[in-house]
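Beneath this line is the structure, given in structure tokens, with notes to follow.
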Amino acid sequence: MNLLSHVKNISRILLTNKCEQNHCHVLSIYSLLELNQLIKFKQSSMEKSVPLHVYHVNKTSIIINRAHAFLYSIALLFLIHYRLSFFFQHPKNTTIPTLPWLLIFVSELLLSLAWLFTQSYRWRPVTRTVFPERLPADDKLPAIDVFICTADPNKEPSVEVMNTVISAMALDYPPEKLHVYVSDDAGSDATLRCTKEAWNFARYWVPFCRKYDLVTACPDVYFSSSEVDSGNFEGSEFKAARTKMEEKYEVLKQEIRRIVQQHSTTGDALHSARNHPSTLEVINEHSKEEDEVKIPLLVYVSREKRPSHHHNFKAGALNVLLRVSAIISNSPYILMLDCDMYCNDPTSVRQAMCYYCDPQTPSSIAFVQFPQTFRNICQDDIYDSQIRHLFKILWHGFDGVGGPTISGSNLYIKREALLGSFSKQQELMARKRSFGPSNDFIKTLVEEYKPGFINDGESSRMLLEKANVLASCSYEHQTSWGSTVGFLYFCVVEDYFTGFSLHRKGWKSVYLYPKKPQFLGTATTNFNEVSIQWTRWASGLTSVAISKFCPLIYGPLKMSWVQFMCYSELAFMPLLNCLSLWGFAFIPQLCLFNDIPLYPKVWDSSFNIFFIIFVSAILKSLYEVVTTGGQVRTWRNDWRIWMMRSITSYFYGSLDVVLNKLGMKEASFLPTNKVIDDEQVKLYEMGIFDFRTATTFLAPLVTVILVNIAAFVRALVVNVVDNDRDGYWEKMFGQMFLSFYILVSNYAVIEGMIIRRDKASIPLYVTLLSGVFSLCILLIGSAILS
């Protein structure tokens, strides 16, 4: 860099040289040409030698992870030996019934299998760094399409959605190479009108961001922040411009709220959400300043939906965007965003391009995944709304073995990975059988095809008419869309299944976790919405696990065996966790209630096996939380919500799949409610559980607590009354400790059931109903065990 700066300084001197003689002018020009060639040579050599990205293998974590896995595996083998030896004893030498021993052994095996799968994430964790300042000039950068999906204007606040749209239009990228598509799956006229208002505001906001080099692209965050982001400018000019822009933003918010309020009174949105024609519109209102301002293209897309045609949830909407965008812009790379996930750092696109524009990087990289981060997370995240364990720990390990799966949002994906690449020589009819009858879309599959939207009235109208055909609900009939082309339809977790399919074909991915969050969204911060969200995910993952696409039988093909285990862990996580924890929640307690020991005596050497397994698991998880910026209470919250999910969401998600397989229930998709409730937010920030949810979620939790209370209290009474006769405490300590640990970990449920009397506490009728269930479980269990 020093040599290059020196050469540039010499060239500047030559340019300012005022020679009076003609031969001096000639010499200066000749020298300048030589120096310019030297500069270009130096720049090209630097581009080849200086990497755009690097990665770091976390060797310390690898050593700790593998050492723990080795020791933990040995302990598990001893546990298996201890359990199996029971079945080879003579019946006269034991008084313990076989059934509970077998059930707890199965629970331990299932939980051990779940642990084994998770070790694949810890095999080779990596972290990555990019250098976007080393990218080539803007004219050499590829074009980008941005897909923003919204499904329900009643659950997804329009002001928030439009902030996401505006922030995407303000990305630090050449505006002529940026195209933003808004997918409105509800077909709401209010969303279309709000999109037009957002475009009008963006005509002023985008130039404002570029002029003052703002690092905050989302207007709502920018104007609500206590710290003024002035970029590289200060003074009265900037302050006046900022004040004027803030006034325009307030007008925008009022107009959006007026549109939404007006539309909510008509009831049209609810009537047409699942039955409406396709609507496509390029938002480009004419104005006097139109020729002076360059902003990205903004397109509103609402696909046709009819009750007689399955719409395939979010994957169906994304495939429509793939087709429509192909004939309008056909950018080689696509940014996928949820409607509440705004661009927090406008340089994210350049960071992703460090992988796609690097000639040293393999062309097999399908997508660059950023983590999902949220702006409304408090320090005491009682519901684990940020899913910190996934994005801060597991995905780094996933990245080290071939790359993580698609995580719903915040990723830059290569269009070729979803659609494939074709040459002109390939048969047209063969492509039509896969991609549908549209000749205009088939043309876009050829690498040389370069569409360009021209807003000249007639031609743009004809182009939109062709695009409308691609958005019809019948276009995909008898094609490969959703099966081998585009985003796949097999389950409601289209991101997991599509990512799995891409990796199985040999594509790679990378996980980029910069210090500054590139995208920020709104997380669910109440127990009801969190439970519904995890039930939906559990249902989708379990549907893959028990299908012909199960990773254990469908993979790995071109995947590594470690990456294949990562996918297996995700698919089987709900099923393994719910079955094992239901066993741990009831079997030892029923045996404790009936004085049947399932664990060795506390002073027996065999007890050390269970002690080592339990303590090492606790310490390892605590280590991972602390080393990723968490605290002890973060670890406590993670363990508690994991137990709650396993008993409720994982169970109902798995049950939903079983009923669906039996033809007793159809798969469904409920968007997560992002409307903010001030009372719920206050409880969340105070670290108090909001139990205002369905009885189906509360009853299992309360039942588990009541059974554990009954078993633990009875054990204490027996121990005190009998004065520890026959070594009762020594024999039953393992089960007493397990019940005590469950009760302490879930004290929030006890508090909501017994102590609290506010609106968000557990209703009395739920406690009474759960009491009946608990009594039935204790009576039936006692009858079986006796």
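Numbering starts at 1 and runs along the chain as it is shown here.
Heads up, the Cβ atoms here are built off N, Cα and C, so glycines get one too.
Listed in TrEMBL:
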type: ACT_SITE; residues: D185; note: active site
type: ACT_SITE; residues: D495; note: active site
type: BINDING; residues: K155, E156, D185; note: UDP-alpha-D-glucose binding site
type: BINDING; residues: K314, D338; note: Mn(2+) binding site
type: TRANSMEM; residues: 69-88; note: transmembrane segment
type: TRANSMEM; residues: 100-118; note: transmembrane segment
type: TRANSMEM; residues: 564-587; note: transmembrane segment
type: TRANSMEM; residues: 607-626; note: transmembrane segment
type: TRANSMEM; residues: 697-720; note: transmembrane segment
type: TRANSMEM; residues: 732-750; note: transmembrane segment
type: TRANSMEM; residues: 762-785; note: transmembrane segment
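Projection of TrEMBL feature records onto the structure.
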{"residue": "K155", "record": "UDP-alpha-D-glucose binding site", "DSSP class": "coil"}
{"residue": "D185", "record": "active site", "DSSP class": "coil"}
{"residue": "K314", "record": "Mn(2+) binding site", "DSSP class": "helix"}
{"residue": "D338", "record": "Mn(2+) binding site", "DSSP class": "strand"}
{"residue": "D495", "record": "active site", "DSSP class": "helix"}
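In sequence order, C149, T150, A151, D152, A273, S302, R303, K305, H311, K314, A317 are the residues of the chain that are 6 or more apart from D185 (active site) and have a CB within less than 8 Å of its CB. Annotated pair D338 (Mn(2+) binding site) and E156 (UDP-alpha-D-glucose binding site), C-alpha to C-alpha distance, rounded: 10 Å.
All protein chains shown were included, and the count of other CB atoms within 10 Å of the CB of K155 (UDP-alpha-D-glucose binding site) stands at 15. You'll find the Cα of D495 (active site) roughly 20 Å from the Cα of E156 (UDP-alpha-D-glucose binding site).
Relative to the transmembrane segment (732-750), the listed stretch 697-720 leads the set 69-88, 100-118, 697-720 in CB pairs under 8 A. When Cβ-Cβ distances under 8 Å to the transmembrane segment (564-587) are tallied for each of 607-626, 697-720, 762-785, the top count falls to 697-720. Between the transmembrane segment (100-118) and the stretches 69-88, 607-626, 697-720, the greatest number of Cβ pairs separated by less than 8 Å involves 69-88.
Tallying C-beta pairs under 8 angstroms between the transmembrane segment (607-626) and each of 69-88, 697-720, 762-785 places 69-88 first. Residue environment of K314 (Mn(2+) binding site) contains 22 other Cβ atoms, counted within 10 Å of its Cβ in all protein chains. Its own atom aside, the Cβ of D495 (active site) has 23 Cβ atoms within 10 angstroms in the protein chains shown. Counting every protein chain shown, the number of other Cβ atoms lying within 10 Å of the Cβ of D338 (Mn(2+) binding site) is 25. Across the residues annotated as binding UDP-alpha-D-glucose (K155, E156, D185), the two Cα atoms farthest apart lie 13 Å from each other. Counted within 10 Å of its Cβ, the other Cβ atoms near E156 (UDP-alpha-D-glucose binding site) come to 23, all protein chains included.
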